[in-house]
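Undergrad: After the structure tokens below, expect a handful of questions from me.
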Amino acid sequence: MSVMFDPEAAIYPFPPKPLPLNLDEKQFYREKIKRMLKERDAVMVAHYYTDPEIQQLAEETGGCISDSLEMARFGAKHSASTLLVAGVRFMGETAKILSPEKTILMPTLNAECSLDLGCPIEEFSAFCDAHPDRTVVVYANTSAAVKARADWVVTSSIAVELIEHLDSLGQKIIWAPDKHLGNYVQKQTGADVLCWQGACIVHDEFKTQALVRMKALYPEAAILVHPESPQSIVDMADAVGSTSQLINAAKTLPQQKLIVATDRGIFYKMQQAVPEKELFEAPTAGEGATCRSCAHCPWMAMNGLKAIADGLESGGAAHEIHVDAALREGALLPLNRMLEFAATLRS
């Protein structure tokens, strides 16, 4: 594939880890957040990959814990005038696209995503222009500008079904930005898929030989894998799926030990779903101290209690998401196509 930008060669600067809080500080910020959510007529939506204490707070305050699209849909349906989005920036953008009349706040606007960073709109648009015969399908983990350039937006939970549908219509596909998910979808469907070469820095680090060794230690364990992982990891899986699909798989699989190849933030909701089961993180390069993310997104970790309290208290340019009106209209079209398609799958 010939593109000006090479996501595989990109090195993304990681944010510093938030300063740890003591128990008194945590309690102070928890109470402050609860109070300010009420004062601002706000509801908190948190991604599965945020830290457990953030997910717990979302639950306690009547919010939502889910994947990025369901976060946005929950916010759109909720009566609150303000959404506090605990996640990464594209999630706040998606919420604003679906709820333009609401105030969308984030703990920080510097919470990035390697998939988003790895798909700059200028280079991606040029790539699409070079293949005008292909239908452009982009993952939810992209900027509003990239979504606006696409024909379809898709989540991992319906990616296979959507590509099967487009393939049945004789359409050839450009898939972006995640190469591993794109390759997985292509293998599952047999469709003509041209992949952009981005990757999630968390899932890209799962190591095959280390997973083989872990499986040998726990031969009775099932392996659950998110399809953003490399194909060699997917090939070892007993279940492959999106975050919500992996939680469901944890409930339905008979094994009492589960090795989970996705961000360890998912363990909070997964353990709630299967309290009797033992969960293990799939290995990255952590043993050799060469992993960068070590099974937890460093940008998700920016969503700390202090940052959430600051976002609710201060708002403004440092915390509020804005999406240009024309860009919003462009991104809303492929998002609505996906939502309508997803509705047909549920009916």
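We count from 1, first residue shown onward.
Even glycines carry a Cβ here, placed using N, Cα and C.
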Undergrad: SER68, TYR139, ALA140, ASN141, SER156, HIS226, PRO227, GLU228, THR243 show up in Swiss-Prot as binding iminosuccinate; which entry in HIS47, HIS78, HIS165 does that record put in the same site?
TA: HIS47
Undergrad: How big is the Cα-to-Cα gap, in Å, between ASN141 (iminosuccinate binding site) and CYS113 ([4Fe-4S] cluster binding site)?
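TA: The Cα atom of ASN141 (iminosuccinate binding site) is 7 Å away from the Cα atom of CYS113 ([4Fe-4S] cluster binding site).
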Undergrad: Can you name the binding-site residues among HIS47, TYR139, HIS226, GLU228 whose CA is within 10 A of the CA of CYS200 ([4Fe-4S] cluster binding site)?
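TA: For CYS200 ([4Fe-4S] cluster binding site), the binding-site residues whose Cα atoms are within 10 Å come to GLU228.
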Undergrad: Whole number in angstrom, please: the longest C-alpha to C-alpha distance across HIS47, SER68, TYR139, ALA140, ASN141, SER156, HIS226, PRO227, GLU228, THR243 for iminosuccinate.
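TA: Site span for iminosuccinate, by Cα atoms: 18 Å.
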Undergrad: Just counting, how many other CB atoms are there within 10 A of the CB of GLU228 (iminosuccinate binding site)?
TA: 28
Undergrad: CYS200 ([4Fe-4S] cluster binding site) has how many other Cβ neighbours within 10 Å of its own Cβ?
TA: 25
